[in-house]
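Residues or ranges marked as transmembrane segment by TrEMBL: 17-34, 46-70, 90-108, 120-142, 282-304, 345-363, 383-400, 435-452, 472-505, 517-537, 557-581.
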Amino acid sequence: MKIIGRLLKWLWYHRNYFIIVITPLVLLPLPLIIPTPEARCGYAIILMALYWCTECMPLAVTALLPIVLFPMMGIMKAGAVSIEYLKDSNMLFIGGLLVAIAVEKWNLHKRIALRVLLLVGVRPALLMMGFMFVSAFLSMWISNTATTAMMLPIAQAVLEQLKATEARADERDFQAAAEDNQAFELEISQTKQENKGEKQMDTKAQLEHTVYENEWSPESLQESKRKAMEEKYDLLTKGMSLSVCYSASIGGTATLTGTTPNIILKGQMDKLFPGNGDVINFASWFGFAFPNMVLMLVLTFIWLQFMFLGFNLKLSFGCGGRNDRDKEAYMVMKQEYNKLGRMKFAEWAVLTIFVLLVALWFTREPGFIDGWATVLFNKEGDFVSDGTVAILMSMLFFIVPSRMPTCRGYGQDDAGKRVNTLPTLLNWDVVHERMPWNIILLLGGGFALAAGSEESGLSMWLGESLAPLEKIPPFAIAILLSLLVATFTECSSNTATTTLFLPILASMSRAIKIHPLYVMIPCTIAASLAFMLPVATPPNAIAFSFGKLKVIDMVKAGFILNIIGILTVNLGINTWGYAMFDMGNLPHWFNTTQNATHSNP
């Protein structure tokens, strides 16, 4: 048995090598028995899907497989595959990340977070609401992981101060009660002395008397109060940790650059439906996703409030003025804010560029009127995109200085030498260190898969195979697919999940003749609803390590939130989204790719 146990352990530790070698061999009969381009492309996609799900290789390395497999299998030329790895959507993503890096470098996100929390207050429900609002807002612009990593230490410091203050207050109450009870205890001892010569109580009566005295002694009361306080703050810590990581994931869905699946949707739409009139841009996505995010955030707050704080509104929200405990916890946040000092020139510069970028994104192509890009540049075609604006504004971080010019130098470098060159808001060393280059390769791998599916005819074959789904009501299809994607993303990267599913959904929409966005938008947002497991997303893992959580805590809270998220996004796509994207009519660009795709024998 020991030998078998060791062998199983050895196999487990080396499982990645076996998966990498054995999986291609097991799948090899598919292209050999069915020697068609569709089967060869299917072989590559299934192989990549299994590699992505098992993470036997880094996700970004797996994303490079189309560069090897597609040319060797005769699906696409190497040059055509390589071009897919740096599309306009990647430029939009890079621009958004550069803005996020600048905001993080100059601590602008921390200043915004603490300022809002100081306005909200420190009562439990208000504190949770404040942390959720701030986390959601920040994750719209910077990464969900960075938001969670910044907010959780602040939440922990505030909760520890609240707990310490309450413990000190209970200690003072206990001492005051003990002084009041001294006279009563003296009277009891005198009574015992008087009754010393009388008949002793029987054993049972003595035991009951002793238990009664111990049960109502001040020490036992203090101990029970301490345990109750520990339980309360354990629940509050769990609730606060989950509220931060969940709201970071929810907030990322509100903007096109907030999370990777949103960017993948835009890229896949542009690839699979050329000539779509830029139907998914920053403004149109925000118009649909922001109300959905707010609705989801409110329902999430209500559920977490019920699960961890209860519905005692008086205790949770507080009434009247602030007590000493609230004031001391408030001072913790105030001290953290004061450590940041006054706003520096660099922070004002980053804030100005950020606001200007968002304004240009919203006004580029608002939809109800001609935007500035249409008037100035796009009269004869879509020359200027959201990616153009993102790169233009992010380049300013490498041009605008981080402080006002002076003749006295700009401090000292690591070697202790005086710096005479005016530093800019960002330099390439900082960008190189913080830029998640692997995500850019992942995006490219997804676009290459979509291109291979179209070139090989696999997309058309999938569409024809899914034609029987036309008999099912569209709203039921959208809900079922959202559930499938939300379940899949719990154990797989949301980037890989979106990359695999969106081309299939596009083919299905052609086959059953419904608007592609009717199923693609809900599934894109569902890919960000990884709430149930610590390993599902980095924010979940950070919260799990911070919040004294058990897996069952996350499963119980996350399961309901998955249902809430799926219902809200499907509500949105059938109400305001239905009107925004004109879901009732098939768009003129609907069959563009299908007609252009050459079929292979």
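Yeah, the Cβs are placed from backbone N, Cα and C, and that goes for glycine too.
Unlike curated records, TrEMBL annotations are generated automatically.
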Examine the transmembrane segment (383-400) against the transmembrane segment (90-108) and state whether at least 3 Cβ pairs sit under 8 A, considering only residue pairs 6 or more apart. yes
Would you call the transmembrane segment (46-70) and the transmembrane segment (282-304) in contact, using three or more Cβ pairs under 8 Å, pairs 6 or more apart in sequence? no
Under an 8 Å Cβ to Cβ limit, what residues of the same chain, 6 or more beyond the ends of the transmembrane segment (557-581), are close to it? 242, 246, 250, 279, 284, 287-288, 291-292, 295-296, 299-300, 303-304, 307, 475, 478-479, 482-483, 486, 515, 517-518, 521-522, 525-526, 529, 531-533
Contacting positions for the transmembrane segment (282-304) when only residues 6+ beyond its ends and CB under 8 Å are counted: 128-129, 132-133, 136, 239, 242-243, 246-247, 250-251, 253-257, 262, 266, 361-367, 386, 521, 525, 557, 560-561, 564-565, 568-569, 571-573, 576-577, 580-581
Rank 17-34, 90-108, 345-363, 435-452, 472-505 by Cβ pairs under 8 Å to the transmembrane segment (517-537) and hand me the top one. 472-505
Quick check: do the transmembrane segment (345-363) and the transmembrane segment (435-452) share at least 3 Cβ pairs under 8 Å, counting only pairs 6+ apart in sequence? no
For the transmembrane segment (90-108), sequence-distant contacts whose Cβ falls under 8 Å of one of its Cβ atoms, 6 or more beyond its ends: 141-143, 146, 256-257, 260, 263, 266-267, 340, 344, 346-347, 350-351, 353-354, 357, 385-391, 393-394, 397, 402, 425-426, 430-431, 434-436, 439-440, 443-444
